[in-house]
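Colleague: According to TrEMBL, the protein carries these features:
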type	residues	note
DOMAIN	31-308	domain 'G-protein coupled receptors family 1 profile'
TRANSMEM	16-39	transmembrane segment
TRANSMEM	51-73	transmembrane segment
TRANSMEM	85-107	transmembrane segment
TRANSMEM	128-150	transmembrane segment
TRANSMEM	197-218	transmembrane segment
TRANSMEM	253-279	transmembrane segment
TRANSMEM	291-311	transmembrane segment
Amino acid sequence: MMDYNESLALLSAENLIYVITVPLSTSIILANLVIILGISWNRQLHNTPNYFFLSLLVADMCTGMALPFIPLMGLNRELSFSSCLVAHVFPNFLFLAFLFNLVMVHYERYICIVDPLHYNNLWMHRSLPLALLAAWAPPLLYASLPAFGWNNWTGPDWNSCCASSHKVAPLSNCSTNGTTCCSYRRVFPNAFIYLEVYGLVLPAILTIAGMTGRVLWITRGQLKDICRLHRSVERGNQASDREHRLNLRYTRCVVAVSLTFLACWVPYLIYMHVCIAFLISDTKWSSTTHIVLSCTGIGSMAVVPLVLGLANRQYTEPTYKLVQKLRDRWRRTAQGSEGEG
């Protein structure tokens, strides 16, 4: 058992996690539900690209549900072996599934712009169930590896939730092999963490950034062709107001994409590399710092699909009409009550 000071510290850390993550998690879940309902109610949106996007929204909503549990993975708690595995494996699976779905959606839209002639013959469109399976099965398999034996559960007990210091003698149930102390170090070996970060997560983020940059580059080339064609038709050498508007719209698009990347990806990249740095140095760091970085990093990354969805009016139009109807009904009710008074 933990002593009083450690129990108090763990309780305060958990309260800080819930204070930060519960409002963020609730916002992510509600926003995803709004977009999901908007796609479900509009039959014109029932097509393969939107099915991929629905899969991403479901993964994002699950990530929002698991958001309060991800920072808890950095705390030492007293759990059984099976409970400790579930507490670490399941949130990790949801996070990886979200990342795989995000790459799939970006790839599908990237092919639509880069190679539109072969877009309809894309293998993802010919076999939708196989594409969805490819987005969900590999994360499940990789995240489940600790449950199949790739863990440090029988390794040395470096945790401090059973024996906080040399002043406290370890209990009988906190032995090397039968400890009830749950820590991410016991579930995820260093090799597993390195492989996930530098073999899965970082390449996925770089792939998304590369595809986005390539799309912007192609868009810039097409914009130049349009302006050149417009000048040849108008037989003028100076840029017209229409060209200025097109350039301004493209500039706004670049700024929006850049700000989205800075706001959504940079916090997670900082959190990821700080964790790796402390893991390599094998030094303890402030639980408050870890909680704040993990909550902001994971939460900001989960906002990416919401930016893509809320920017499309077709996705939000049904919800907007519903809110407008409720507002009109409330106004009529208020006006009726005033007239009776």
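Each residue, glycine too, has its Cβ placed from N, Cα and C.
Automatic prediction, not curation, is the source of TrEMBL annotations.
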Colleague: Using a threshold of three or more Cβ pairs below 8 Å, and leaving out pairs closer than 6 in sequence, do the transmembrane segment (16-39) and the transmembrane segment (291-311) count as in contact?
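Modeller: As far as Cβ distances go (cut-off 8 Å, pairs 6 or more apart), the transmembrane segment (291-311) and the transmembrane segment (16-39) touch.
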Colleague: So if I exclude everything within five residues of the ends of the transmembrane segment (85-107), which remaining residues of that chain have a CB under 8 angstroms from its CBs? That is, six or more out.
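Modeller: 52-53, 55-56, 59-60, 62-63, 65-66, 69-70, 72-73, 77, 79, 124, 131, 134-136, 138-140, 142-144, 146-147, 151, 182, 184, 187-188, 196, 200-201, 204, 207-208, 211-212, 298, 302, 304-305, 308.
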Colleague: Considering only Cβ pairs within less than 8 angstroms, which of the stretches 16-39, 51-73, 128-150, 253-279 has the most against the transmembrane segment (197-218)?
Modeller: 253-279
Colleague: What is the average pLDDT across the domain 'G-protein coupled receptors family 1 profile' (31-308)?
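Modeller: Taking every residue of the domain 'G-protein coupled receptors family 1 profile' (31-308) together, the mean pLDDT is 81.
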Colleague: State the non-local partners of the transmembrane segment (128-150) in its own chain: residues 6+ outside its ends, Cβ under 8 Å from one of its Cβ atoms.
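Modeller: Distal contacts: 48, 51-52, 55, 59, 85, 88-90, 92-93, 96-97, 99-101, 104, 187-189, 192, 196, 200.
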